[in-house]
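Quick notes on the structure that follows.
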Amino acid sequence: MNSNSTDNEHLRIFINLLRNLEDKSFFVNFILSVFSIFINIFHVIILTRKSMRATSINVFMIGIAICDLCTTLTTVYRYFSLVDFEYPECITSDSLVKAYADAMSWSVQYHFKRCSSWLGILMAGVRILIMRKISNAKFSKIMKPIFGISLMAIVFGISGILTTVWQYECQVIENRTYPLSPNCAEHQDIHGVFRFSLILRPVSTVADVVILRSYFISDSIISSLIPGISFPLLAVVLIREIRKLEKSRTRAIRTLSTAENEEKYGLSTKLIGLMTVAAFLSETPLGLISIFKQFFTKGDINIRLLTDLVIYFTILATFVSILHPVLCLLMSSKYCETLRKMFGISKTLPNSVTSIHII
């Protein structure tokens, strides 16, 4: 018992430390999100140029950039609009429209984060197929933009269904007669009188509870855990494919033209590999946290800890959304060329810059 009490005390101290840093953490994420919005608007403009949208790989990258942009836009909205940034069930408002808008902001963020993860998987997977079957005419279709557009539509459609289910589970009620969840006490008076507030639809049977919990666990697995596990596995396969290609080439033809030839099929393999590693570091922890939270009751101290940790990995995910265009600028000669043409710059980039495009 003494050991358990000591452990709980240490846990409470750690949670209090995270709570003291919470406001600063949300502000940091807000600043990064604003910067991400501007850089990703510019990123989308470059990627949608005719010279860039010519392959399925680059179409996936356009989709990821749009998802990053929409996710950070909802972050900015929530920072200015929501009383509580951590729990959707803590939404309260004097306006019915605003209550629904606040609930929608959570749905939109879940939707685009899920889509971004799966588009990253598809981008890496298609890249692997291109490298392995590049000489097979049957696989030429996967290089075409229409293939990327079709898969992207499927991803957005399936994610939209999951998002709609989540939105259905949320219900705005008027003149609440019972207090808010204890989790909301940190940011507002849970016994206050609210004209409109958000609840999950009440469950009346054990079967309803099982179905609801199963949905949240399944959603966490599909949205975060599977992508988080897939990214490092795909990165390993990509590295192996790069080594195979390097062994099959002679040193005489291992030149800059080789890298440029590869880029005609989309972004370079090394660039996609770095993006998968970054996605793994940011997405997997969030997926695990979402799943673990399903096994604790609302009043459990572990719920508070897991929720407080979310903001720090969210900051990492926001940073990754900024990293995408930076990596493209540093590692894609076609991206640099498109950028120069946009600004009418005809001067060739220095050798020190273009030399890093070699795989």
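Heads up, the Cβ atoms here are built off N, Cα and C, so glycines get one too.
The transmembrane segment annotation in TrEMBL covers 26-47, 59-80, 116-134, 146-168, 221-239, 271-291, 311-332. The domain 'G-protein coupled receptors family 1 profile' annotation in TrEMBL covers 39-328.
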Same-chain residue ranges lying at least 6 outside the transmembrane segment (146-168) that approach it to Cβ under 8 Å:
55-60, 63, 103-104, 107-108, 110-111, 114-115, 118-119, 122, 126, 201, 215, 219, 222-223
Please check if the transmembrane segment (311-332) comes into contact with the transmembrane segment (59-80), where contact means 3 or more CB pairs closer than 8 Å and the residues in each pair are separated by 6 or more positions.
yes
Checking distant contacts: for the transmembrane segment (26-47), what same-chain residues at least six beyond its ends satisfy Cβ-Cβ under 8 A?
53, 58, 61-62, 65-66, 68-69, 72-73, 75-76, 79, 85, 311, 314-315, 318-319, 321-322, 324-326, 328, 335, 338-339, 342
Could you tell me the mean pLDDT the prediction assigns to the domain 'G-protein coupled receptors family 1 profile' (39-328)?
81
